[in-house]
Each structure stands twice: as structure tokens, then as C-alpha cells.
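Taking it in order: structure first as C-alpha cells, then the write-up.
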Amino acid sequence: MCQLHNFRPKRDPCSAANINEITVEHTAIKWTVSFQLKMIIGQATLRCRCLTDATKLVLDVRDLSIRSVSINGVDCDFRIAPNVYTFFGSKMSVYLPPQFQKAGTILQVTVAYGTSPDATALQWMKKEQTADKRMPYLFSQCQAIHARSIVPCMDTPSVKSTYEAEVTVPTGMTCLMSAIGQGSKGDDDTTTFFYKQPVAIPSYLIAIVVGCLEKRDISDRCAVWAEPSVVDKAHWEFAETEDILASAEEIAGKYIWGRYDMVCLPPSFPFGGMENPCLTFLTPTLIAGDRSLVSVIAHEIAHSWSGNLVTNSSWEHFWLNEGFTMFIERKICGRLVSEDYRQFMAFNGWTNSLIPAVYEQFTPTHQFTKLIQDHTNVDPDVAFSCVPYEKGSALLFYLEQKLGGSEIFEAYLKDYLKTFAHQAIDSWQWKDHLYKYFADQKEVLDTVNFDLWFNGVGMPPEKPNYGQSMVEACEVLLKKWLAADESTVGDITSEDYYAMQPLQQIELLSQLWQHDPPIEHYKLDALNKLYKLNDSQNSELLLNWLRLCIKSKWEECIPKALDFVNSQGRLKFCRPIYRDLAQWPIANKKARDVYLKGRSQMHPITAEMIAKDLHIRHSTHTVCF
Ligand code: BES
Ligand code: ZN
């Protein structure tokens, strides 16, 4: 059975590419960025290798205007067939002339094209929408399947290609990419930036930012970029990056990507962070003023190994990217803070992320609560949740405890990353390697119900043991709040709260939120006054605070909640708040109005997902025939 895995054809239901016949080894991009047209115009040359005899090359595209296709310089025939589901884009078949149809042939396929102003990978911003209001701004987000809207490609994580790019932008603007800069040249009107990514990467890691950007160095290999008015704050907030990277290397091995730069994007960036190689993208909501949210950097750094080096072969095995990354992120924080802190983070993930995802966001029988998912006709943006993150990380945490503890498991982790570096794998390849590595503990592994972990819905079959030392302070304080009544609530003092770590404060709010019946309004008022919750600069804390207020139907919080979802576009914050408000009759209309008013300025992914949450019809989510 195990040997068969090598012969199993690769599967990725989210891509139309003929990956078992042809592969892409290098991609050369030439782009001109037009802010007037909201288009990227140019060409991509794909160096392809025929793995078997083949009559055509099939690529993924979405809303691209194709001008011409040539093979080794000679124009050739192609055809574009839309998928019934618009989120898949279209299948582009390039017909190979007879002399190029043999296994082993190498082809240079050049596609000249332009993107659509509605390309789902891109957000085009007017200068008025930026922090400094000096220049327009453009950024991409290709994960999971949006790369096809900016470049014709085999848009599956199972195909890895090196890339180089020449990008022409208006002079005065800076272009950054997920690659190593090779300088720039230009004149008064336009400047061309040159980039090379010498490590083969999946298409979802191609990334671009164009804007008014300044850089601050953090170390020899780390720097942060942001708009001028933000860059110094970002530089202070992320000053620990080199230490995090050094600690990650101790856990995972040498950092092979050369540079680790970051760009702090506008608030509409839909994610906390995105692990674009050489250039992590970050939300500005991480700037809390006290470095309390830098675990996101540890997370994106961890992806330099889990995800970017060892890659899930399709989004059905997303946990191999994100579960491993959560696990390594917590290992890094364990080293930098303490083992107790790592245990607390993992506990927090189980109780405050996994449980609500299984019971509240989905239901315990929902397909998306599985570790390995079936993405046939499924939009990966819709399937996205913290389940692969937390179920995956819990499985590794559980295995660590079963197989002899942290040291033994770290040696295994290094071996896993080394074995599969530069490859894309599925969960069965992961399991085969685990059994091989721990051959002397086969009986122990046989007691793990992998079938339930992989394919079971709902919560995992086992719960790991999480050290409780840091949870205790939260529980003591929780009891105080629950025991208080209107006459004694004023006796609670703030020292024990301020003595806690920010993550413990968040845990307290989350426990109050989980409590039934909902917390009374006078207590919310007292909590707010004592801990200055409305004024918190910590966006994670604010999320938990607002959800607590909404659960109690405390009307005073509605303007604050609307302001929160309007001032930033991080899905992790906006989706739960919008969903909570939508379920509350007096807030429902206000939430819809705020969404409808802001929609045209929103990031395309956020606009799409919030429309779904609010049950509002949205232009791109219909089926196209
Ligand atoms: N790679 C993800 C973001 C992502 C996943 C984008 C799937 C598109 C599709 C990134 O590494 C991530 O997980 N970001 C998290 C933060 C993290 C600390 C859990 C986020 O955005 O919240
Ligand atoms: Zn991640």
C-alpha cells in the first residue's frame, strides 16, 4: 500500500492544469502596472517540461484578456473554457505543435495578456485610501487560488517554479515582490524593478506591492517596509524579528530564502500575515504599541519551512501548511518566552479557536471540520477556517506527548522538514514518513486513530494535555467577575488584570464570552471602566471585547463594533463581528448599511466573504454558464 503512493497521480480539484503530463519549472514575468486602467499589462513566459507525451498544456486563468500565445517564439492556438463555478476561473488549453509533444520536451510558452480591473488577487487603492494620501497603492493576495487572476499558471501548490520579474511602475513608487531585488532603472516617467526568486515556489506565493514605501533595517537580513507615516511605528513593533528568525532556525534548520523582509500593508489587507517568500505581508492591526502581537511574525517565519519549503500538495491537505506552522510558531514562542507560555498558547487554540469553529461557525457534523477535506467544487476561501490550524496543531501536540516529549519530537520535526524540502506532499506521505521515522515506536503509533483524526468530523478523537499554569490566573479572575453582583462589582480592582500577559487578558474575555447566560450590562460597564477595554490598541483584545458586548446585546457597543469593521478589513475580525451583528435584529440593518456603503472600497475577498455572511448577493459569487 505504501509503495503505491509514489505512483498515485497528483490530485488538485481546485486546478484545471494537466500537472501529470507537464510541469512548469520557471516563470519569467514582464509587467507594466497601470493605476489609471487598474490593470497589469504584460507577459509571462513559462518554461515547461513534458513529463509524458502530451498534446496540450492546460493552465488556470481567471478574467485575463489574452492577446497571444507563442511556443518558442512561434504563435500557437489556444482556447479558454470557463468553469461553471466562477471561483475556479477558466481552463486555458494551449495546443502543442507535433514537434513539442514528446515526453522530455522543454517548451518556452509566452502568454501576452492583461489583468481585469476586478482581478480577485489585487486590491487597487486610490491615494485617498492610503495612510499618507500621497500615491495610489496596489497589493496582491494569491493564496489560495487567486494567482490565476494575475498570471496564467498551473495554479496548484503541487507545482513549484522559480521566477523572475521585470515590473514597470510610475516613477516615485516602489515595487516589492516575493523575491530578491536585483535593482531598478528608469526615467522621469517610469521605473522598472527587477526581481529573482531562485527557489522553486508554488504559484500562490507570487506577490507584488506597489506604493509609496519606505524601508527600515532591522538586521543584516531583515527590514520592514511601510508608508512613511507608518514605517517607524512598524519598525519599533517588529524590532524582535531577527531574534524570532534566529530562534526558528534552531528549531527548523537553516533559513534558505536569503532575506526576511516585511511590508506593513493598508488596513484592508484581509489577513494577519501572509508568508510571501522573502517578503511577509502584514496587517497594520499588529501595531499595538507594545509588541504584544508579534506571534504573527513567528507564524509567518515558521512558514519559511512548513508551507514554503514543505508544501501541501492541494488545499485539501492545508493542515500540513497551517497545523505545522501553528505548532512551530508556538515552539518559537516557547523558546522566546517560556514552555508554560507555549502550553498556554496551545490550550488557547483548542478552547478559543477550535471549539467555537466546530460548534459555532460550523456544526460538529460539517465537512469543513475535517482535517483532510474534499474540495471537489469547493471554493477554498469558503472552506477556510481555523480548523486545519488547530486540529492540525493539536495532532502534532498530541503526538509529541505520545512519542516521548519535546526533544524527541523536535528531532523528528527537523527530519520531516529536511526529507520533504522543495516538495509538495499530502497527508498520507506525511504519515508514511512518521511511521518510518518512529519505526521503533510502531505499537505506540498504532494506538493513534489516524482515520478519525484525518477524516472524522467535529472535535478530534483525543485532547492533548495542556499545562494549566497560565490559565489559572484567568480562572481566578473569571470567578471574581461571575460572583460579583451590582453592589459588589465596584470592589474588583485592576492589579491582577494588568499583571497578566495580553494573551491571558484575551483568555479572560473569551471565557466571559463563552459563559451562559450572557454577562449583565452593569458588569460590562464595570469591565470597560476598570480595564479601559474600549480604548485598547490590541486588536485581538478588542475583537473579544466586542463579541462579549454583542452577545449580551449591549446596545452601547454597536457604533464601536461598526467602526471596528469599517476601519480595517482583517477577515478574522470582520467576519465574526459582522455575523454577530447580523443575528441581532436591531444591529442587522446597520451592519448591512455599513457593508454596502464600504463595499466598493473593500478588498475583493473581504467583499465576497462578508456578502456571504450577511446573505447579500454579490456580483462574483454566482455560477456562470
Ligand atoms: N497563509 C495564511 C493566510 C492565508 C491562508 C491566506 C489561506 C489565504 C488563504 C497566513 O499564514 C495565516 O495563517 N495568517 C493568519 C495569522 C496566523 C497568526 C494564524 C491570519 O491571517 O489570521
Ligand atoms: Zn499561516
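Keep in mind that glycine also has a Cβ here, set from the backbone N, Cα and C atoms.
As given in TrEMBL:
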type	residues	note
BINDING	GLN141, CYS142, GLN143, PRO270, PHE271, GLY272, GLY273, MET274, GLU275, ARG570, LEU571, LYS572	peptide binding site
BINDING	HIS299, HIS303, GLU322	Zn(2+) binding site
ACT_SITE	GLU300	active site, proton acceptor
ACT_SITE	TYR389	active site, proton donor
DOMAIN	469-614	domain 'Peptidase M1 leukotriene A4 hydrolase/aminopeptidase C-terminal'
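Checking the recorded positions GLN143, PHE271, GLU300, GLU322, TYR389, LEU571 against ligand 2, the ones whose Cβ sits under 6 Å from it are GLU322. In three-state terms derived from DSSP, GLY273 (peptide binding site) belongs to an extended strand segment. Neighbours of GLN143 (peptide binding site), defined as other CB atoms within 10 A of its CB across all chains, total 26. Surrounding the centroid of the Cβ atoms of HIS299, HIS303, GLU322, where the record places Zn(2+), the chain contributes additional residues within 8 Å, namely GLY273, GLU275, GLU300, ALA302, SER306, GLY307, ASN321, PHE324, THR325, MET326, ILE328, GLU329, TYR389. When secondary structure is read from DSSP and collapsed to three states, GLN141 (peptide binding site) falls in the coil class. Other Cβ atoms within 10 Å of the Cβ of GLU275 (peptide binding site), summed over all protein chains shown, number 24. Recorded residues GLY273 (peptide binding site) and TYR389 (active site, proton donor) have their alpha carbons 14 Å apart, per Cα-Cα distance.
Sorting each residue of the domain 'Peptidase M1 leukotriene A4 hydrolase/aminopeptidase C-terminal' (469-614) by its DSSP state yields 114 helix, 0 strand, 32 coil. Cα to Cα, GLN143 (peptide binding site) and TYR389 (active site, proton donor) are separated by 15 Å. Annotation note: GLU300 (active site, proton acceptor) sits in a helical segment as assigned by DSSP. Packing around PHE271 (peptide binding site) is summarised by its Cβ count: 20 other Cβ atoms lie within 10 angstroms of its Cβ, all protein chains included.
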